[in-house]
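Working notes, structure below.
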Amino acid sequence: MSPEMFFIFVCSVLGLIAHGSRKKAWLAWIIRGFIFIFAGAYVLYNLVPSPQETEYTRTVNLVVSILLFLILLRPFRLLLSKILTVLDGFVSLRALTGPLRHKMTLGASLVAQKIYQEDSIPHMNGLFCFIVCFGFYIANANLSTSGFAIPGIPLPMPITLQQLFEYNGLGLITVSAFGCGLLVSRKFKQTFVERLGWQKPSLKHLALGIGLILFSFFYDWVWSLFTHSTGQGMAGQISAYNAGAFHAENLGSAALLAIATALCAGIGEETLIRGAFQPVIGILPAAFLHGVMHGQFAQAPILIVQVALWSCCMGIARRFTNTTTTIIGHAGYNLCTTFLFAFNP
């Protein structure tokens, strides 16, 4: 089992336990105890110097440890909820739609939708998973000045159908569903339709999904102009990486790889980021998690920012529609770009 799949397994089990605490209160102490032990292990890990670690990595790990201890304290979770609520009020455009559409004051608009329930054990578990995942990817990213000045992308490794199905598809959907209480506090329809946003798309949603595909191409083009103007050669690096990562022998295998990438990555990532995390921590934190999860850009932080800002736009679209709409946009964009890179005669 790969480290990623093991982490998904652990988070899935913790999600089921967290939702079980709604019926059996003592289960909440398992979640609290696990977080406390994990945070303590992180501290001990930092106390042992390693030649492979940099000062930056140790600092990130220390911050992760502190945050994990802090989320066990209700006053901190309450403060975090207030901060995330106001932040999401701006990012989600409620600061505009509230006064203009609903005749609300600016203050009321910002706090109209509460983000993060400080007394919810499932939300505490979700925050734990977010912090650990975000911290892991940030610790392996080069966010220094040199990372932005001289970005680099590693040599590509061909992506297999098995990897797409196990991790991007089944793995991300499973951890999202169990993290939202599937079979414990919610039934299938409650989990996938009501909580994760897998709603039947209307013609309007289909049109908006297609619009998101076109927007994604436009956004990618505009960003490529920006990175090209910096003289860093990012366009060539990205093209070379994608051509190697999405490699196919013929038209049929290229089409199969494109469809698999569209379905697995598009559905899996949108379900996790937009469906599971966004209602808990808000649009912006979820979007930046989406950005750092693209580990191939660890040495090119400008591309992490690119993905995060695009993901933020998708999050705003999710706020006004549903996850199905953003899945259409994400999967459609992946389908087109993957096929173009894979089938390159």
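Using N, Cα and C of the backbone, Cβ positions are placed for all residues, glycine too.
Because TrEMBL annotations are produced automatically, they should be read as predictions rather than curated entries.
Listed in TrEMBL:
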TRANSMEM  30-48  transmembrane segment
TRANSMEM  60-77  transmembrane segment
TRANSMEM  121-139  transmembrane segment
TRANSMEM  167-185  transmembrane segment
TRANSMEM  206-226  transmembrane segment
TRANSMEM  246-265  transmembrane segment
DOMAIN    254-335  domain 'CAAX prenyl protease 2/Lysostaphin resistance protein A-like'
TRANSMEM  272-292  transmembrane segment
TRANSMEM  298-317  transmembrane segment
Ask   = In the same chain, who gets a Cβ under 8 Å from the transmembrane segment (121-139) while lying at least 6 residues past its ends?
value = 7, 11, 14-15, 17-19, 21-22, 27-28, 31-32, 35, 38, 56-57, 60-61, 63-64, 67-68, 71, 77, 80, 179-181, 185, 276-277, 280-281, 285, 288-289, 292-293, 295, 298
Key: Cβ contacts the transmembrane segment (206-226)/the transmembrane segment (298-317), at least three under 8 Å, sequence gap 6 or more   = yes
Range from 246-265, 272-292, 298-317 with the greatest count of C-beta pairs under 8 A to the transmembrane segment (167-185) = 272-292
Note = Model confidence over the domain 'CAAX prenyl protease 2/Lysostaphin resistance protein A-like' (254-335), as mean pLDDT, sits at 91
